[in-house]
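Structure first, then comments.
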Amino acid sequence: MKRLLVAVLTALTISSAVTQSHILRGSPVNSLCADLVHPAGYSCTEHTIQTKDGYILALQRVASPTPNLTLQYGPPVLLQHGLFMAGDVWFLDSPKESLGFVLADHGFDVWVGNVRGTRYSYGHVTLSETDKEFWDWSWQDLAMYDLAEMVQYIYSVANSKIFLVGHSQGTIMSFAALTQPRVAEMVEAAALLCPISYLDHVTAPLVERMVFMHLDQMVVALGMHQINFRSDTLVKLVDSLCEGHMDCTDFLSSITGKNCCFNASRIEYYLDYEPHPSSVKNLRHLFQMIRKGSFAQYDYGFLKNILTYGTSKPPEFELGHIPASLPMWMGYGGSDLLADVIDVERTLSELPSRPELLYLENYGHIDFVLSTSAKEDVYKHMIQFFRARKKSSSW
């Protein structure tokens, strides 16, 4: 069952035809600009920022090819990737299909985020990736520190409010960050693909199995702090979940739901870049959301919650604190077993605004970032939404 690893990549375009030996091979991570953007003929510059808790993050700024020596950037847009991904996911298909390239071609000033722990953002001012403290974070830290710092940096450089785009975990981060007034005031509008704030209706069979088997506690018991699916230990551990327990013949569907439209012939190419590492604490936090049905900060347990938060239970992120004046757009699919329609509807009921919605019955979790038809099905609607905001702003 060594192919099972493919399923646990959560938000990747992978199929059962991929072997462990391919997944474990080295990845080209010189720089995102050099690996993916420059070869396509687009302008790309690397930027480095430091979070308030000391992590060194990579940002890339992308623009469409231009004959002018001086680039004329349009409105800035930040692309925030999902779990086990990095900013490369926005460029893995052709320039005519990848959202990063499509937005650049439409005149946007494209900024690409890479959270801590990914291979593009693998630094800290004092800690090494071999230190367990380096991995002591979850998505709430990615929201409060990483995303907040990215937004602040782009706002300062572009001298403009930004458009925020998130996918999957990137939407969890966005919802949490936008409850903070200092972040929300720098965002012109938000477009969220597979929006997640609640996860208690997840029906993906393999995810349910991992939660039931307490995979998060198993890796902690092994002394692991990093989730790296390129490691032999984790391959073997995850591999055991299917054996004798469930049918894992369709691995991708068992983790995300059926995806209609990504290009399966490019799977080996995708695996040159994905998956990226994350932390065990992050996985535990996501599993807490599934078990408890909450959108809250990390639950340390009764005593440490009191020491950390001053209460026995972790504080909730209140979606009602996101400004009603902030325009939002959401795209979600009927075949997505992670961003379940019931959970999306709960999110919508708690928001003070009424986001514009795009519902695609046949789309799964992966289709929104790697479908070969997403430019027509999804991205053109997002761009229309942004352009409508642009007309009403100072641009």
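Glycine is no exception: its Cβ is also placed from the backbone N, Cα and C atoms.
The annotation signal peptide is assigned in TrEMBL to 1-19.
The domain 'Partial AB-hydrolase lipase' annotation in TrEMBL covers 34-92. Taking H, G and I as helix, E and B as strand and the rest as coil, DSSP gives the domain 'Partial AB-hydrolase lipase' (34-92) the counts 12 helix, 22 strand, 25 coil.
What TrEMBL lists as active site, nucleophile is Ser168.
Taken from TrEMBL, the feature active site, charge relay system covers Asp336 (among others). Around the Cβ of Asp336 (active site, charge relay system), the same chain contributes Cys194, Thr256, Gly257, Tyr363, Gly364, His365, each under 8 angstroms and 6 or more positions distant in sequence.
Look at TrEMBL and you will find His365 (among others) tagged as active site, charge relay system.
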